[in-house]
Amino acid sequence: MALSWVLTVLSLLPLLEAQIPLCANLVPVPITNATLDRITGKWFYIASAFRNEEYNKSVQEIQATFFYFTPNKTEDTIFLREYQTRQDQCIYNTTYLNVQRENGTISRYVGGQEHFAHLLILRDTKTYMLAFDVNDEKNWGLSVYADKPETTKEQLGEFYEALDCLRIPKSDVVYTDWKKDKCEPLEKQHEKERKQEEGES
């Protein structure tokens, strides 16, 4: 489902710096090997806010999401393993993302079309954001991710600052709830299987 991708892991159109000159933390920068190292590993989808009412309504269906990024610096791809809880059910998905280093974007093909999102690295190394449709005022949106399911007020500070810059009220923010996660048992099963495969090889 394309919308699931949009809401949890990278999508929509590129961010245009010229249209947001006052939003310092929304200015895209090239993706380097250091950037890829920084986003390697396990991440949790924390919250998002969209001006598009349809998207805002859909994110409310997402109870919890976590995923793993495994970048390939040579091929400029990222292997994604995603665990998402919707309607008290765990949905597991794997795919490859493409990295556009100079543009600071990551993309994925959905329904034969390539969708993009800008990866925005924050001051706090344990968080990052994705910017959605910032060149389309009616559909502006942001999502924030962290290396733990719970975040501090300070960690969400840059996310809130960016929302203010885009004139998206905090009341539009939809948060996930880790207590509703149903995927942790499946993740543990996958980890056990991987360790067994490594032991046999």
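Cβ atoms here come from the backbone N, Cα and C positions, even for glycine.
As annotated by Swiss-Prot, disulfide bond applies to Cys23-Cys165 (among others). The 10 Å shell around the Cβ of Cys23 (disulfide bond) contains 18 further Cβ atoms across the protein chains shown.
In the three-state DSSP scheme, Cys90 (disulfide bond) falls into the strand class. As annotated by Swiss-Prot, disulfide bond applies to Cys90-Cys183 (among others), with the evidence given as experimental evidence.
The N-linked glycosylation site annotation in Swiss-Prot covers Asn33 (among others). In the three-state DSSP classification, Asn33 (N-linked glycosylation site) falls within a helix.
Over all protein chains present, the Cβ of Asn56 (N-linked glycosylation site) has 18 other Cβ atoms lying within 10 Å. Swiss-Prot lists Asn56 (among others) with the feature N-linked glycosylation site.
Under the DSSP three-state reduction, Asn72 (N-linked glycosylation site) is assigned to strand. Under the heading N-linked glycosylation site, Swiss-Prot lists Asn72 (among others).
Marked as N-linked glycosylation site by Swiss-Prot: Asn93 (among others). A 10 Å cutoff on Cβ-Cβ distances gives Asn93 (N-linked glycosylation site) a total of 15 other Cβ atoms nearby, all chains included.
The feature N-linked glycosylation site is assigned by Swiss-Prot to Asn103 (among others), with experimental evidence given as support. Taken residue by residue with DSSP, Asn103 (N-linked glycosylation site) is part of neither helix nor strand, so it is coil.
The pyrrolidone carboxylic acid feature in Swiss-Prot is assigned to Gln19.
Residues or ranges marked as signal peptide by Swiss-Prot on the basis of experimental evidence: 1-18.
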**OP:** Using all protein chains shown, find which of the glycosylation sites Asn33, Asn72, Asn103 scores highest when you count other CB atoms within 10 A of its CB.
**Re:** Asn103
Subject >> Local Cβ density at Cys90 (disulfide bond) - other Cβ atoms counted within 10 Å >> reply: 17
Original post:
Between Asn56 (N-linked glycosylation site) and Asn33 (N-linked glycosylation site), what C-alpha distance do you get in Å?
Top reply: 33
Original post:
Are there any residues in the same chain, six or more apart in sequence, whose C-beta is under 8 angstroms from the C-beta of Cys183 (disulfide bond), and if so which?
Top reply: Ala64, Phe66, Tyr83, Gln84, Thr85, Cys90, Ile91, Tyr92
**OP:** Please state whether DSSP places Cys165 (disulfide bond) in a helix, a strand or coil.
**Re:** helix
